[in-house]
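Annotation comment: TrEMBL describes 12-33 as transmembrane segment. What TrEMBL lists as active site, nucleophile is Thr223. Annotation comment: TrEMBL describes Arg272, Val273, Gly274, Asp275, Thr295, Gly296, Asp297, Gly298 as substrate binding site.
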Amino acid sequence: MSIKNCFSFCYVLKVLIGIILSIASIATIRIVYCYNTKNNCLNYNTPMVINTWAFTDATTKSWEVLNMTGSAIDAVVAGCTVCEQEQCDGTVGYGGSPDENGETSLDALIIDGATMNMGAVGHMKRIKSASKVARLVMENTKHTLLVGDEATEFAIQMGFKETNLSTIDSMNLWKQWKTNNCQPNFWTNVSPDPKKYCGPYKSNLLRQSKLESNHVDIKNHDTIGIIAIDHDGNIAAGTSTNGAKFKIPGFIPVNRSKYKLSKTLSWAMPKRVGDSPIPGSGAYAMNKLGAAVATGDGDILMRFLPSFHAVQAMKHGHPPKNAAQLVIDQIAKFYPDFSGAVIAVNNYGYYGAACHGFDKFPYSIANPEQNKVSILYTTCS
């Protein structure tokens, strides 16, 4: 090789090495920059809607609302309403999950991630549209949660009609439960033995039953939880449920004259309220971070505020899938037999789910990437 050719070759090699080093430098700078930015250079995958379980009619309705430039709140309420009307799996809406007295009551929650305003109803009877009432609690009161007859009275004042939430199917379910010695139930440390007999019960702390998870399966999972992100990037989340089957209603007869109560107040009414209407438990949303919803054994889940902690985990850099798994793992440390699931979505529309106690957990989603309503599955721990 002549000296001239050698110089030419060396020059070309030098240029190539320079180009390669330049590309590598740019890539390194971008990696460092993206790592230190809030969004890690992610592209938006919105608008989107995602909900617990294979409740695709609810997903479809929410997606339609978003594509008609509806707000995230509109989409969440619309999706929950579909499930309330269709009685999704008998765990949402009227005619499902009778309590120990054979009555059905409803819980619902709506959270606006843009303003952190929220509204909820718990143990609401005789009103079908729980999620719509929860929205009005958010929009027309300074309260967050209305419970029991007070929730019903508020709904009536807002124009909703009273109706019987029980159906032939729910009453037959309750009668079978009574025939089966009230099994399963939610009592513990009482007499007579709640594993063998119906009540009434009296406290018996000498029994000291060990901590147990409740019976929850694919048809007794309590909740639809929906997350929506609209065209403006606003995030909302919500839940709707008729609660746990055969929950304790908590009705205690009261002597009106003794306590100088109104004739209309013939009962003192502490009530079982599950995780669904509890902010941070059933659902949580913040525009700058994302949102999460939970489903499963509500009495266990609400002890850990799983939706709140999943959103906080994303705040600290965890991807949605990891954030959901962290929460599920924490609960399983204390209740290894519990059944439940968490869906998490960041503010860019990236999502993940984790579950425990089921074989697998289905959830429904629609976004620009899917371009249709799809059912996805995650394997449970």
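The backbone N, Cα and C atoms fix where each Cβ goes, glycine too.
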Thr223 (active site, nucleophile) versus Val273 (substrate binding site) - Cα distance in angstrom: 13
Among Gly274, Gly298, the most crowded of the binding-site residues [Cβ within 10 Å]: Gly298
Pairwise Cα distance for Gly274 (substrate binding site)/Thr223 (active site, nucleophile) [Å, integer]: 10
Cβ contacts of the residue listed as 'active site, nucleophile' (under 8 Å, same chain, 6 or more positions away): Thr52, Thr91, Val92, Thr239, Ser240, Thr241, Asp275, Ser276, Gly282, Val293, Ala294, Thr295, Gly296, Gly298
Among Asp275, Asp297 [binding-site residues], residue with fewest other Cβ within 10 Å: Asp297
